[in-house]
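Peer 1: Mind looking over this structure? Questions follow.
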Amino acid sequence: MQQAAAPKISFVSLGCPKALVDSERIITRLRAEGYELARQHDGADLVIVNTCGFLDSAKQESLAAIGEAMAANGKVIVTGCMGAEPEQIEAAYPGVLSITGPQQYESVLDAVHRAKPALHNPHLDLVPEQGIRLTPRHYAYLKISEGCNNRCSFCIIPKLRGDLASRSAADVLREAEKLVAAGVKELLVISQDTSAYGVDLKYAESPWKDRSVRAKFIDLARELGELGAWVRLHYVYPYPHVDEVIGLMTEGKVLPYLDIPFQHASPDVLKLMKRPAAQDKTLERIKRWRAQCPDLALRSTFIVGFPGETERDFEFLLDWLDEAEIDRLGAFKYEPVAGAPSNALEGQVPDEVKQERWNRLMARQQAISARRLKRKVGTRQQIIIDEIGPTVAKGRSKADAPEIDGSVYLTSRRPLRVGEIVTAKIDRADAYDLHGTVAGF
């Protein structure tokens, strides 16, 4: 008797790495129940769309993805941040099977079961212990908490994902250890507010191996640094205790890399954003960090054209960047977000001014990046290989996160492998990328 075909699901994952982790968890559960993944909507039994709802542009992308799934398949389950406020989805696509908010894994699975029940097959119920991942095998996102306790005026993340909810240190470390055992060479630590990790748990201890570990930013970073993989810290809010992690970087326990979303530099704009406004002290801290760890790379994001931002505020930001010398920068033109307090602020900046300031900011940052990368010419850097091409390999240095930062293009006399970490001599630099040769050959 022929075995019935396993039900197939097509999956669309939109938004940030935190949403990608949500997608991985849903897919892991589905694969454990015997569902298969389809590459095309029209060949699937149903489609799941994990949406982003942070900016209006992201909502439009999510709606477009839902529309494509409805047109190609017709059976669509919607989840993710945009699903936390379902009215817009319901109005545009009343025929979707289910709409849920972020992290509602059980609700998504219930909707799948109703639409297409699983076929139990013990030969299919095999899932790697570390779960299903959507990233390449050599790196993985490690989500340590959900939600956020901050109330920045431009942000609705707490409304979508709730207040801070940290995982226990032991739970995080168990997942990290499984990932490393499965061949992961780089752990990218993510959350909405990584440096606030454990505040909600009152830094409670949990048993890990022969000891107890506190649910605290520095303690978790120290333990992750013992697993033998690169550890990269993202979304680090600049609380004073962040200074402590620089020592782990100088010891080689975690990568000399900090992703800190400063958002602006002008004290007046930061006050309107409800962000820490002591950026003069931040410059002093950056200088101390780099004195302690000269290889430190800083990534940040900034918003231009925020309501109330004057030309003087913007010039202040440019001057601050020149002094801070941020290595990697992402910039956004301010967009009103439904439900954000910043919508009610006076002094809305015209779109053409936003665009002009964004252009100037990116030009300034390009010059800073080129200047800093030029200093690396002639040095030797450790590079993790991401892709192998016909003549060159593409990788990243310790200063580069996947997808968002620069690349290092390498030539080598010997074959290289994806995920391999090699030492390379840097031969030249351009504005955002490095070029070099694998050392020793």
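A Cβ is built for glycine as well, from the same backbone N, Cα and C atoms used for every other residue.
Under the heading domain 'MTTase N-terminal', Swiss-Prot lists 7-117, citing sequence analysis as support. Sequence annotations record features per position, and here Swiss-Prot assigns [4Fe-4S] cluster 1 binding site to Cys16, Cys52, Cys81 based on sequence analysis. Marked as domain 'Radical SAM core' by Swiss-Prot on the basis of sequence analysis: 134-371. What Swiss-Prot lists as [4Fe-4S] cluster 2 binding site is Cys148, Cys152, Cys155. According to Swiss-Prot, the feature domain 'TRAM' maps to 374-440, an assignment based on sequence analysis.
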Peer 1: On a simple 10 Å Cβ count over all chains shown, which one of the binding-site residues Cys16, Cys52, Cys81, Cys148 is most densely packed?
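Peer 2: Per the Cβ count, the most surrounded site is Cys81.
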Peer 1: In whole Å, note down how far the CA of Cys152 ([4Fe-4S] cluster 2 binding site) lies from the CA of Cys16 ([4Fe-4S] cluster 1 binding site).
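Peer 2: One finds 18 Å between the Cα atoms of these residues.
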Peer 1: Taking 8 Å from the centroid of the Cβ atoms of Cys148, Cys152, Cys155 as the cut-off, which other residues in that chain fall inside it around the [4Fe-4S] cluster 2 site?
Peer 2: Asn150, Arg151, Phe154, Ile156, Ile157, Pro158, Gln192
Peer 1: I'd like to know which of these binding-site residues, Cys152, Cys155, is least surrounded, judged by other CB atoms within 10 A.
Peer 2: Cys152
Peer 1: Rounded to an integer, what is the Cα-Cα distance in Å between Cys155 ([4Fe-4S] cluster 2 binding site) and Cys81 ([4Fe-4S] cluster 1 binding site)?
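Peer 2: Distance (Cα to Cα, whole Å): 13 Å.
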Peer 1: Excluding Cys16, Cys52, Cys81, please set out which residues of the same chain place their CB within 8 Å of the center of the CB atoms of the [4Fe-4S] cluster 1 site, keeping sequence order.
Peer 2: Leu14, Gly15, Lys18, Ala19, Thr51, Gly53, Phe54, Ala58, Gly80, Met82, Pro102
Peer 1: According to DSSP, does Cys81 ([4Fe-4S] cluster 1 binding site) sit in a helix, a strand, or coil?
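Peer 2: The three-state answer is helix.
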Peer 1: If one measures from the C-alpha of Cys52 ([4Fe-4S] cluster 1 binding site) to the C-alpha of Cys152 ([4Fe-4S] cluster 2 binding site), what distance in angstrom results, rounded to a whole number?
Peer 2: 18
